[in-house]
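Have a look at the structure below before the remarks.
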Amino acid sequence: MTRGRIRARIRRSSLYTFACYKPSPTEEDGPHDIQGPGYSRMVYCNQPHIHEQKPLKYCSNYISTTKYNVLTFFPKAIFEQFRRVANLYFLLAAGLSLTPVSPFDPVSMIAPLVFVVGLSMAKEALEDWRRFMQDMKVNLRKASVHKKNGVFGPKPWMKLRVGDIVKVEKDQFFPADLLLLSSSYEDGICYVETMNLDGETNLKVKQAMETTLPLDDDPTFKEFSATISCEDPNPSLYTFVGNFEYDRQVYPLEPTQILLRDSRLRNTAYVYGVVIFTGHDSKVMQNSTKSPSKRSTIEKKMDKIIYFLFSILLFISLISSIGFILKTKYDLPKWWYLRVPDRANLFNPGKPLTSGFYHLVTALILYGYLIPISLYVSIEVVKVLQALFINKDIHMYDEETGTPADARTSNLNEELGQVDTILSDKTGTLTCNQMDFLKCSIAGTAYGMHASDVELAAAKQMAMDSDGQNGTPTSWEKSGKAFQESEIQLETVVTSKDEDAPKPPIKGFSFEDMRIMNGHWLEEPHADVILLFFRILSLCHTAIPEPNEETGTITYEAESPDEGAFLVAAREFGFEFCRRTQSSVFVHERYPSFQEPIEREYKILNLLNFTSKRKRMSVIVRDESGQILLLCKGADSIIFDRLSRNGRMYEEATTKHLNEYGEAGLRTLALAYKKLDEAEYSAWNEEFTRVKTSFGGDREAMLEKVSDTMERDLILVGATAVEDKLQKGVPQCIDKLAQAGLKIWVLTGDKMETAINIGYACSLLRQGMKQICITTMNTDTLVQDSKQALKENVLMQITNATQMIKLEKDPNAAFAVIIDGKTLTYALEDDMKHQFLNLAVDCASVICCRVSPKQKALVTRLVKEGTGKITLAIGDGANDVGMIQEADIGVGISGCEGMQAVMASDFAIAQFRFLERLLVVHGHWCYKRIAQMICYFFYKNIAFALTIFYFEAFAGFSGQSLYVDWYMLLFNVVLTSLPVISLGVFEQDVDSEVCLQFPALYQQGPKNLFFDWYRIFGWMANGLYASLIIFFLNIIIFYDQAFRIGGQTADMTAVGTAMFTGVICAVNCQIALTMSHFTWIQHFLVWGSVISWYLFLLMYGELQYSIPVNAYRILLEVLGPSPIYWSTTLLVTVACNLPYLAHISFQRMFNPLDHHVIQEIKYYRKDIEDRHMWRKERSKAREKTKIGFTARVDAKIRHLKGKLARKYSSMGHCVPQQR
């Protein structure tokens, strides 16, 4: 096997020059002193059997993200069920039903409770089983492990033990935290992708110790033995302290030798490593938290409502008991025929208080229908069906990966409609890590004909504003606006992409301008400057070329996507970077002839790397003629400050182009160079080498100072503009979510510059937005007092920024706060976190970069607890698990590498863009459905239960039930449950398309318009009114008049059945009035429930069970022939629903909600007949926002209109006048 092929001879030092002269710890330093607490771990390499006994028995490599296991399921699930107040009440009532004081049969109380709790527990078990199966997919992955005698074989990840030797091959994940022993490269380096851990896409270089490099083949491990003493398991991803004892020598270990679980081997054929941390001891699992038990806000509020109803229940039970005590004491002795006292002392005039206490228990059970036991099971059924609809939504199905949406838990469906803040990971969630080279400015001339998305959208919007009827500029000339049309097209470069021209199928290159393509640049006026521009693109980088032997093409492994885009652009312009050695870079240049490429060698003398502080990168090269050049690229503000007096020839024109590129949403860099003579370079290099080989806390600062002296007196060449390729639909999704009134925070492990650039690409940041960057200097070497000073400095920055926002008078001003991980450490401390939160809430955008997984979780907790509003976290990697679990709702991206985020999430979607539909459509629907369903449930139970209380007063508080037991059993289970389930599953105030067109409708959820106390008490009052109408109308009508042909008056069963009929008809008509959207299913269930009541009466009257309760043929012979029964039912139904009908009619006429207006427009087909009005309504139906694509387009339009206005004022006599 050829190890490493092209890159086998390229050593790490040639690419990472700031560290290249720093002596290896193994050469200069002694072993770490790691004695004491926190450093007790001992690992015996290649001897895993030693770790099977205490004290060296460490945890297995098995991981679990489930809530339950076999032992804990029953107690934990029972606890979850009886956290619900209603279930606790019914458990007590079920127990009391076994006593003589119960007015009902015990089965009628115990059976519903067992059914409800059992169904809920079964649902929990099913959802947790799915989590378990996904865990097992990871646990059963195979790893190549040393067995014995130099033989490696497959073993499941879950069977790995500390001390095992593991062989990991290219593109495989590391199964545990490993110490790198050797790799396929001669110098023991390997390339690792840590996207799942820290969100960064650039490859990290890891390097094995020199002493283990000979262990590069399977047989070499036959006799291998070593000992590792190191730190105990901890969540720090970027630190590691330990010693490696091998061949009687002790070597210190560094973080660069550690391969973390869930990171991935790239561009390296294979590596060998020894397992140090397994399973939940690994650093990625140390950063995760236990699966929390989440309850929705509505469910928590429901508990408060049940407390309130329980208070009412207790109150009316006390009234009933007091009435019973008075009756027992004063009236019962007169009623000698009742033979009191009875044996059980339930009716004892001699002990009225004792009898009153027994009656209190009876009343608590009798009026228990105030608290709906079937509410919970109905909600469970509805949520499962809602989750099924989410899973089956074809609009959230990703065809590329074949992945549908997955509601992993249905407990939080309604929370989706109440989200206030979204906290999102960046890499893999928002971005697909691809840049497109779109435009450039060289020698003051702009090149590139393609318009960016922002430019196209701004032109389209201005056209629609100018001609509202058809959205096209065809009528401008007629209205005297031809000048505006040409101006808009001029400002936006191109208002539409050329449909006839074939789109370039080149990944990373969307540039089109024949002036400099195909060698035509040689004919341009400043060909020498263009040549330098192309050479800077092809030489100023740290990328590594990787030839594809099958296709003959070259791909580039670059530290950042934009660097890769520059190299692709250079190749397309005729300057192909093809090879790198220890000291040189080789480029195929199509110069001086474009048809005949020539390979040229450039000696790499020094490389001054990009850092977030420097904001630039430089390379010093010697060309074939011996000329030494410094080539530099970086942020325009940094480069312009370093230009020489003679190097500013193109500064004005380039600045103008950079501003235009920024307004167009493009990422920009400025390019510059300078020529060096031999003596100048030698003197500088001597100083640079001396500083690099020195030790001390100020080494990095000294390096920066020396580098800065070289990067002066530069000559400007031009600038680049690349378009950040986000995942499909991300800008539109963010724009829609912003219009829906949601706040979006980005939490990423990437460096600040990358995070800011992504912010621009997503339109979370834009040109003209005031950025508040809160940072600190390097704190690693600071003493405690200095750290206190830094903390005060951070607080001062936060205070000043807050004050600046308060004093801002421009209504269109937008602020963004950007903070890094080190600073966030101080900002999240107890005495400062609320000031930081207040600042962040006042800003339009918040971007936290270089944050650890733990910090992501802490920021999420701060937002959740500090604002008291619903938070949603979305991510795709293991580094996002903490915040996904901490947030009220966790969403995992399932189409990416690794499944840790999905396994920890509540909902899984394949791409970020599906979040728009998940929230704006399903979230909106689920919130309103659940809210209306719960309110209706309380309404119908109050309407029903209070009739029992009223009858008690008529029956001398005797505890006698008005209704037959079977009626009461069927009320919640059959006769009224299915319509309410149909409401919770199928109800739509508006359809999905309208939800997306009118995103402001979403704010009904965060504002809680449908489940606030006003609405809850309104429904309760409606239930109270209905109970009064139902009871007293029936009593008045049936009390003392004949209702049958034979002249008989109604007995208790007849009155009770007539009254129950009124309840069934009234509440089912009420739910029909509540619904906005009908399908045949709703009609069938609502009217079918009414019909089923009559069918039940028909069948029950024929059974023997009806004889003891006087209900034999109750419908056929007693009530059916009586006109009073049918007219009373009709009268009760109409009277009960008149107030609701009057209320909703008044509201729609004088104070309509947003969805009422849309329903009217749709009903009268105005959305089709009057498109202008429909578009106008749509433009109003969005929350005012300062982020998102629309906000950026609005800013662009304000900018263009300002320029037009200024041009008109200077050319007033030329402007066509309207007549």
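Note that Cβ sites are derived from N, Cα and C of the backbone, with glycine treated the same way.
Annotations in TrEMBL come from automatic prediction, not curation.
Under the heading transmembrane segment, TrEMBL lists 85-103, 109-126, 305-326, 357-379, 937-960, 966-986, 1016-1039, 1054-1073, 1085-1103, 1123-1142. The active site, 4-aspartylphosphate intermediate annotation in TrEMBL covers Asp425. According to TrEMBL, the ATP binding site annotation covers Asp425, Lys426, Thr427, Glu563, Phe610, Lys633, Arg667, Thr748, Gly749, Asp750, Arg850, Lys856, Asn879, Asp880. If you look up TrEMBL, you'll see 902-1152 marked as domain 'P-type ATPase C-terminal'.
Of the ranges 109-126, 966-986, 1016-1039, 1085-1103, 1123-1142, the one with the most Cβ pairs under 8 Å to the transmembrane segment (85-103) is 109-126. Here the transmembrane segment (109-126) does not touch the transmembrane segment (1085-1103). Their Cβ atoms form fewer than 3 pairs under 8 Å, with each pair 6 or more residues apart. Distance from the CA of Asp425 (active site, 4-aspartylphosphate intermediate) to the CA of Asn879 (ATP binding site) is 9 Å. Residues belonging to the domain 'P-type ATPase C-terminal' (902-1152) score a mean pLDDT of 87 in the model. Gly749 (ATP binding site) sits 8 Å from the residue listed as 'active site, 4-aspartylphosphate intermediate', taking the C-alpha atoms as the reference points. The binding-site residues shown are Phe610, Arg667, Arg850; of these, the one with its CA atom nearest the CA of Asp425 (active site, 4-aspartylphosphate intermediate) is Arg850.
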